[in-house]
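What follows is one structure encoded as structure tokens, with my remarks underneath.
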Amino acid sequence: MAGGFFSMEHPWASAFGILGNIISFLVFLAPMPTFLRVYRKKSTEGFSSVPYVVALFSCTLWIFYALVKTNSSPLLTINAFGCAIESVYILLYLVYAPRPARLRALASFLLLNVAAFSLIAVVTLVLVAEAQRVKVLGSICLTFSMAVFVAPMSVIFVVIRTKSAEFMPFSLSFFLTLSAVAWFFYGLFTNDLYVTLPNVGGFFFGCVQMVLYCCYRKPKPASVVLPTTAAALAAESAEMELPLAALDAVAVLPSCAVPVLAELQKLEEAVGSPRKGGVKAI
């Protein structure tokens, strides 16, 4: 095999490796607006640290796999960047999160990124024969990646239950689907099933999310001015057939903010909490 940064046996592998790196770079930067808001407000606003801790663990696993396998520069470079950016996100979270959330984040980090990764590294390097290390480590990466790709099922069920795509950004689903396509072909052209197989699931769930977004996307409703007198209120409510709960509302506020990254725990809380009314005051 010839030398070079993205040298592969198949010429298309290099192209898909570069494409996968570019798209994954954009995906890793997706939570940036969330953490800029955290920095400005000096508060995590109830956001969960779990997606970032899990993403960091995934990146370290794939770096380990790329180092053991060798000749996997695209995997190595993008996951090294992912480790750096996810570490920054977690550090900002630890700085601005309240004490209980900070302790939970630290516990998750130590359990997953220190204890679990150390156990995997020791077992792979000490107990597994060198000829079998790529197979064992690849199987671990495959299993974890499939679990991560199945996680959006929670979002899918919420969208179907609420008949609203409000909490499922189309742009994120689109780029994750493109990323899955790029890495699928990279794995295909390098004969790496441990990269190819999980991205089949990623492509499938990404397409499902985009279809659901198109089915349940709702245009922003026009703002309604609330009447200022009781008589006018009664007349308007009769004409518009407002639900009774809306008659007591002064203004509708979102129950909580949802970060750019698919934070499933936060999403469930947001959808599970009832809104205060159905009419927006201006």
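Cβ atoms here come from the backbone N, Cα and C positions, even for glycine.
Straight from TrEMBL, the features:
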TRANSMEM  12-30  transmembrane segment
TRANSMEM  50-68  transmembrane segment
TRANSMEM  74-97  transmembrane segment
TRANSMEM  109-130  transmembrane segment
TRANSMEM  136-160  transmembrane segment
TRANSMEM  167-189  transmembrane segment
TRANSMEM  195-216  transmembrane segment
Most Cβ pairs under 8 Å with the transmembrane segment (167-189), selected from 12-30, 50-68, 74-97, 109-130, 195-216: 195-216
- prompt: Which residues of the same chain, at least 6 past either end of the transmembrane segment (109-130), have a Cβ under 8 Å from a Cβ in it?
  reply: 49, 53-54, 56-57, 60-61, 64, 68, 90, 136-137, 140
